[in-house]
Amino acid sequence: MSSDAAAVADRDGSSPGHGGHAHGSLGAMVVGAVGVVFGDIGTSPLYAFRETFAGHHPLPPDELHILGVLSLIFWSMMLVVTFKYVAIIMRADNKGEGGSLALLALINRKSEGKRWGKGIILLGVFATALFYGDSMITPAISVLSAVEGLTTVEAGFAPMVLPIAVGILIALFMIQSRGTAKVGMLFGPIMMIYFTTLGVLGTWHIIGNPHVLIALNPWYAVRFFMEEGTLAFLAMGSVVLAVTGAEALYADMGHFGRRPIGLSWLVFVLPALMLNYLGQGAMILSQDMATALRTIHNPFFLLAPEMLRLPLVILATMATVIASQAVITGAFSVTQQAIQLGFIPRLRITHTSAGSIGQIYIPAINWGLMVMVILLVMSFRTSSNLAAAYGIAVTGAMAIDTCLIAVVLIHLWGWNKALAAPLIAVFAAVDIAYFGANLTKVPDGGWFPLLIGFIAFTLLTTWGRGRMLMINRLREAAMPVKVFVQSAVNSAVRVPGTAVFMTSQAQGVPHALLHNLKHNKVLHERVILLTVKIADAPYVPESHRVDFADLGQGFYRIVINYGFMEDPDVPAVLSRTRTCGPEFKMMDTSFFLARQTLLPSERPAMAIWREKLFAWMLRNAESAMEFFKLPTNRVVELGSQVEI
């Protein structure tokens, strides 16, 4: 991202604690947040507590271990979700937007030219790469764990679990192109009912065994580690499943605002979750060991009386579908941001709602996710097996968030290092402990999100590096505009109409203009050199949308500024531009684009295999014509070769 773009972003300023740009009454925003933000963390009770006692490193379901695990879950929620994300990280918004890429864009303004800048950018990109691995596992484990509840209704349902889960997931991905704006209105009320049910079921069992409430004392977590050091460390790999989805609170801040999300977490979601976890523990503690060993394989659904288990399965399935929808929508949003920030090649993006700018659909991401999610379900077959693959990507991303927030505290907010260091040390210690515990899962399935993360990281960094090299090569070969204008106007024939030459750089003469003059020997009476720039902010105000310069002799330079959450529409902006003569008439305007063909070279800038990978990505990127919404019958593409 350029310093010019950062300057545009800085015009509005940014300060800690920005409340977001969501609109609506507080009550409506709280209900909306419950329906979208908390789906992932809200479905964790289906498998998190179970996995510590029936997973790959099972603990005996006795009082020491149950109270220790419950204490770890509670204090993890308090430290990681409440303190780290709600109290600290959610104050580091980028003009109201949250998420790793928004935070990275915010930091980028202060990191240019700094020694640590490149490392921080790579960390942020890796967090984005890990997100794609997580977005494949979340729908698979959530829906599968809910459908597995059918076996608590009738054991004979077991063979039907896999096909039902696959059918639900396929249907979910198939409807994405139609958008979810209409059914999305039901997400909030459904999740409100779901969380209320969690709390009621948990409270019912806590009343029967209130002794379980002593687990809220951190001493029981400490005692767990003192008496069962290795087992307690391994158990953290399952305990962390209770806080997966915490990063969604920050990522979705732009949609609902910091206050509604924080309020709904503290007042409603956190109590409901903890009541349910404590209820599961109370139920197991009330049973003899033989019964407990059977119950622990599905304690969530066994909280309900037998006659209510089928309705609970249906409700839980609806909740997991909503959680999966939030993850899929998040993947679309993150991809759009990454495209605008220059980490992913242009992809086809369609809007599924005329009334909501955030309702988008990216076919390539949708079908790619669907294939991988179905493969995961068919390969791992049970949610318990999938739990072994879950967590490592989340804990890795959380650790990176800690690194990014450290930069924000010291370099953006100006905290004293002596004050920031202890806070960051606590966050880092927790993140490292959870990440280390999850590394033990690598042989059992943890390799999958790491593999996806490294593949995505390779693609993201290859595109980012290749794109920068290509821009630099084009800039090196560019002719100064002043020289071109002085020489061309005296030798070229001028024809009626307007020619718009798009270029990625706001300096020099576009290659498409040079090629057009070389082959056609004419210039239009009005020539626009147009650059679209993406700022380090999510949105750019209309007053700063267009920068204009009159170059003389009928030549004009126009720079259109967009935020990384905005959808470029070049004709719409040009139709409102009055700075370079009469208004634009599309039927009198031609758009000239350069289509670059890459020639891999022996230059040391990139390895040959990465040059070839970048060339393949460039060939398969969506054309600038479609991405910038240019009228197809007014576009001329001119080829050029670039050696990087």
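Any Cβ shown, glycine's included, is placed from N, Cα and C.
Here is what Swiss-Prot records for this protein:
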- 1-21: region 'Disordered' (REGION)
- 26-46: transmembrane segment (TRANSMEM)
- 69-89: transmembrane segment (TRANSMEM)
- 120-140: transmembrane segment (TRANSMEM)
- 155-175: transmembrane segment (TRANSMEM)
- 183-203: transmembrane segment (TRANSMEM)
- 231-251: transmembrane segment (TRANSMEM)
- 265-285: transmembrane segment (TRANSMEM)
- 312-332: transmembrane segment (TRANSMEM)
- 360-380: transmembrane segment (TRANSMEM)
- 390-410: transmembrane segment (TRANSMEM)
- 419-439: transmembrane segment (TRANSMEM)
- 444-464: transmembrane segment (TRANSMEM)
Spatial neighbours of the transmembrane segment (390-410) far in sequence, C-beta under 8 Å, 6+ residues away: 80, 84, 88-89, 92, 100, 103-104, 106-107, 110-111, 116, 120, 123-124, 126-127, 130-131, 133-134, 137-138, 141, 237-238, 240-241, 244-247, 250, 417, 420, 423-424, 427-428, 431-432, 434-435, 438-439, 441-442, 446, 449-450, 452-453
Paired segments the transmembrane segment (231-251) and the transmembrane segment (155-175) in contact, 3+ CB pairs under 8 A: no
Spatial neighbours of the transmembrane segment (183-203) far in sequence, C-beta under 8 Å, 6+ residues away: 31-36, 38-39, 42, 45, 268-269, 271-280, 282, 303-304, 312, 315-316, 318-319, 322, 325
Stretch contact, the transmembrane segment (69-89) with the transmembrane segment (265-285), Cβ-Cβ under 8 Å, 3+ pairs: yes
The transmembrane segment (312-332) versus listed stretches 26-46, 120-140, 155-175, 265-285, 444-464: most Cβ pairs under 8 Å: 26-46
Highest-contact recorded stretch vs the transmembrane segment (265-285), from 26-46, 120-140, 155-175, 444-464, CB pairs under 8 Å: 26-46
Same-chain residue ranges lying at least 6 outside the transmembrane segment (444-464) that approach it to Cβ under 8 Å: 56, 122, 125-126, 128-130, 132-134, 136-137, 338, 342-345, 372, 376, 380, 385-386, 388-393, 396, 438, 606, 610, 613-614, 617
Cβ-Cβ under 8 Å with the transmembrane segment (26-46): same-chain residues at least 6 beyond its ends: 81, 138, 142, 145-146, 149, 184, 186-192, 194-195, 198, 241-246, 248-249, 252, 255-257, 259-261, 263-265, 268-269, 273, 276-277, 280, 300, 316, 319-320, 322-327, 329, 383
